[in-house]
Each structure stands twice: as C-alpha cells, then as structure tokens.
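Q: According to TrEMBL:
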type: DOMAIN; residues: 116-162; note: domain 'F-box'
type: REPEAT; residues: 222-254; note: repeat 'WD'
type: REPEAT; residues: 257-296; note: repeat 'WD'
type: REPEAT; residues: 297-336; note: repeat 'WD'
type: REPEAT; residues: 337-376; note: repeat 'WD'
type: REPEAT; residues: 377-416; note: repeat 'WD'
type: REPEAT; residues: 417-456; note: repeat 'WD'
type: REPEAT; residues: 460-499; note: repeat 'WD'
Amino acid sequence: VEFYGYGRNHMKRKLDHGPDGRPFPSGKKHCKGNGYLSLVQATPTTFGDLRLANGHSAQRRRVTSGPPPSGLQDWLHTFQAWSGPERLLALDELIDRCETSQVKHMMQVIEPQFQRDFISLLPKELALYVLTFLAPRDLLQAAQTCRYWRILAEDNLLWREKCREEGISECVSSRRRKCARPGAAVSPWKSAYIRQHRIENNWRKGDTREPMVLKGHDDHVITCLQFSGDLIVSGSDDNTLKVWSAITGKVGLSAHVDGHTGGVWCSQMAVATVISGSTDRTLRVWDAESGECVHTLYGHTSTVRCMHLHGNRVVSGSRDTTLRVWDVSTGRCEHVLTGHVAAVRCVQYDGRRVVSGGYDYMVKVWDPETEACLHTLQGHTNRVYSLQFDGVFVVSGSLDTSIRVWDAETGGCVHTLTGHQSLTSGMELRDNILVSGNADSTVRVWDIRTGQCLHTLQGPNKHQSAVTCLQFCRGLVLSSSDDGTVKLWDLRTGAWLRDVVALQSRGSGEDVAPTLHCSIGHFTHRTGLGIFD
C-alpha cells in the first residue's frame, strides 16, 4: 500500500510511524522514496517465512517415522545452493519419484498456506462492494461458505440492488415471511427476489394443474378486461361488466353490473374503481366491490372506443372525433380536446400530456390543461390503431404496417420500424424495449433507441393467425391470437417456451379476444376467463 504526497516538504509524519500515527506493525518495513512514503509488506522468501507471516508456528507437524536419514542436512544445503530454475527441476524429479501418500502429505502441508478468506479480511463495506459483482445465484452459494459470509450475503441493501436490476419494485412484507426460522436474519428484498424467481420458473416450466375457467357472459364476446388485487372485471358486448374473484373464480354477489344500454368496449381499473366506456356514448364509474354505479359521464355523441386512467383523471376517446378529460371522483368533464377529423381509436395519458391516434391517420400530442394540440405527428398512411407513451417517446402502430417512434417534445419522427406485414394491433413499451403484435401472426421485439428489431417471435411454434394482444414483463412475453392460443416466449432470446392456452376449438371461430392482461397472471378468451398463478 502506498501513500503518495506532494513532495518532502508536505510529508509531516515521522517515517517510523504509519499514516494514523501508530508504529508500523512488525513484518513491515518503511522506506523513503522520491517524494512519497511507501508502506511495503515484507515479502516472504521461503515457505517457512510464509507460514510465519500467516501466523503459524515455526514448528510444523513433523513426520514421526523415525530418526532423520543420514546426509539430510548435506542434501538440504546442496538444494539451497542451487539457483531457482535448478530447484524447480530438482522438485519435478523428486515429485516423480514420490509415492501417492507422500504427495498427499505435501498437499496437506502446502495448501492451507495459500487459502485466504479475503472477504473476511476486508472491511464490511468493501466486502459488500465485492459481493455486488456476484450474480444472485452465486450470492446464494456464497452464503453457504461460512457464518460471516452468510451475514454479508443477507444484506438487505445488497438484495435491494439485485431486485432493482431485475425490475422488482416491492419487497416481501414481514407478514409474508412467517416461515422464516426464529432469530434468522432474512432480507425482505432477498425473499422478494426468490419469490419472483420461483414465479418465473413456474411460468417457464408450466404447471400440470388445469387453469380456472370463468364463464358468465354466455355466448357474447368479452371485449375488455381489467384486474386489481384479487378482483377481475370483464366487459362484454352483452352490455354488462362482471366482477370476479381471482381466488374463488366466482362472480361477486353485487357485481353483475348492469347499467349500460350498449356494448362495453373499453375499461380501466384502479384498486376497486372501474371506469367503462360503451356504444351507448357514456362512461360509467363503478365501485367494483359493491357493484354500485357512482357516476354516469355524459358528453360524447358516439361510441366511447378507448380510455386511459391516470391518478384521479381518465381521458376518453370517441368515434365522435373528440377526447374528453374527466375527474373520476366528481364525474365532471374538465376538458374537451378537438382536432381529429375521424374516430379516435387509441389514447395514452401520463398525467401531463395526452397522446391520441385516430382513423384520420394522425397522432396528436395535447396539453390537457390548455386544451391545445402541441404536435400533430404526420407520417402514417392509414389508420392508427395502437399507441404507447412513456413521457419521452410516442410509439404508434398503424394499418399501413409500420410502427413509428416520435419525440414527444419536438414532434419529430425518430424511427420508422418496418418488418410487419399487416396491422399492428397491440404494443407494450418498457424502458427502451418495445414488443409489437401484428395481424401477420408474428410478434417482434424492438429497441426504440436504435430502431433495431431484436427478435421476431416465430418459427415452428408461431401463431397461425393474427396476434390480437400481448403483454411482457421480467423477460417473458405473452401473446394471444385468433388461432385460439396464448403463447409464452423468452424476451431475451426470442425463443418459444410453451403454449399457455390451446383451445380445442381453435380455427373454428373461438379466438382469443384482444383483452390479455398480466402481471404475469390473467388472460381471457372469447366466452370465458382463464386464471393462472
């Protein structure tokens, strides 16, 4: 270890003391260099010196097989007189002439001197820093080395960082760790990581148990699906919503929600509040636990086709070409955004900006407070059916087969993503990764910052018909299709993992409708819901 100064005039410490004022420990020597002070560990020159440096007695275990052979001292003096290369050559020859038991004896004497628990020798902060470079699987193995390593490997901040790297944002609460041994210091973040790892393994490997199928909309199409906690809300063209328990699979006593006079085409949910939009031109705010309609929101003059909820506000888009911003708690319409010249098909809202896409081939960015259209994003040559917005980039999918990435602040087109052959019906954006599902039966994974297509999810197990919806998180992609299947893919490699659902009637009209939602957890097909844990 070297402590550098700025010259001899700056060196105030005496050379017979270390930087902390204490005398240098034995076994170390100090020297005065050119403008710096060096603290140099005395290097052992022989194996005996190494044993002393490691704190072992100079009297190592002796072989008690009798008196030493005659001439041993002369032989040792001769060995010491040889040069280094000559000693190595002599050792090679000596080892070749040793029996197995003799080589084993040498290993028992030599090996312990080179085994150093460097982690235990480091300050705790440095030891933890070293452990941050280990993968979680290696951390679990390191915890089995010794008690001190286990204490370090259980550090909660260490596992919080590992969870952050994997996108795990919630730790396991103490009430969920009842199985922990009394007195055992178990990191809540480690428990969260292990739990998420087990869930992902369950998804990847499958489960022999049959999924729970929820039937209740008869032969009508389920058009939208939301879930929060243990509640699932399905909307249908039979004019109703149903609230299901994800635990029992049964419809709540008061949750067969009637009120709309037309088919329900879109919905949003937060905790126990549900907002639905219908062909009857209204939005309704419901209490999912009681089934009560809290507010009926009037204002649109045609079908409410899309909506997006953020906080206490919901933005709705309609075939009447307008968007409306509503206060969910009061039911009051706060703003009306006009500018589209055809039906509004999709909308995104992040609490600050509204982004909408319509059948007029346009994507628009709005300031809802002033009701001003900040940008009209022109470039698509056909209807815009899907949108994603993360506050920085707008991603739009169109019937013209292209996907466009826009800068939300400038309105400029950053990338045009080409490769799909038909309508992009569903997209999901997380960070810089975009996953798109298309009517050409393929799913593609993109990097929106480079515009590069990372994977095309196809091959022998690809969908046989249009992909209607998708979700992805934590390295897994779920996609559903008109072919009656829900497929699971590896996001990082693009490999097909398994079919989560394969309807026996696939290809005969019972498709998986565009209402897939997961965390990873739930999906729906045309006349029923399936629940997977």
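Glycine residues also receive a Cβ, built from the backbone N, Cα and C atoms like all the rest.
The shown structure was predicted, so the numbers you read here are calculated from the model rather than taken from an experiment.
Relative to the rest of the structure, where do these features sit?
A: Looking at the repeat 'WD' (222-254) alone, the prediction's average pLDDT is 86.
Cβ atoms under 8 Å from those of the repeat 'WD' (257-296) belong to residues 223-229, 231, 233, 235-243, 302-309, 314, 316, 318, 320, 326, 328, 330-331 of the same chain, restricted to positions at least 6 beyond its ends.
Long-range Cβ contacts of the repeat 'WD' (297-336) within its own chain (Cβ-Cβ under 8 Å, at least 6 residues beyond either end) map to 262, 265-270, 273, 275, 277-279, 281-285, 342-351, 354, 356, 358, 360, 366, 368-369, 371.
A Cβ distance under 8 Å defines the sequence-distant neighbours of the repeat 'WD' (337-376), meaning residues of its chain 6+ beyond its ends; these are 302, 305-311, 313-325, 382-391, 394, 396, 398, 400, 404, 406, 408, 410-411.
Using a Cβ-Cβ cut-off under 8 Å and counting only residues 6 or more beyond its ends in the same chain, the repeat 'WD' (377-416) has close neighbours at 342, 345-348, 350, 352-353, 355-359, 361-365, 422-429, 434, 436, 438, 446, 448, 450-451.
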Q: On the DSSP side of things, how many residues of the repeat 'WD' (337-376) fall into helix, strand and coil, could you say?
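A: Result for the repeat 'WD' (337-376), in helix, strand, coil order: 0 helix, 22 strand, 18 coil.
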Q: With DSSP as the reference, give the number of residues of the repeat 'WD' (257-296) in helix, strand and coil.
A: 0 helix, 23 strand, 17 coil
Q: Would you list the DSSP helix, strand and coil counts for the residues of the repeat 'WD' (222-254)?
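A: Its residues fall into 0 helix, 22 strand, 11 coil.
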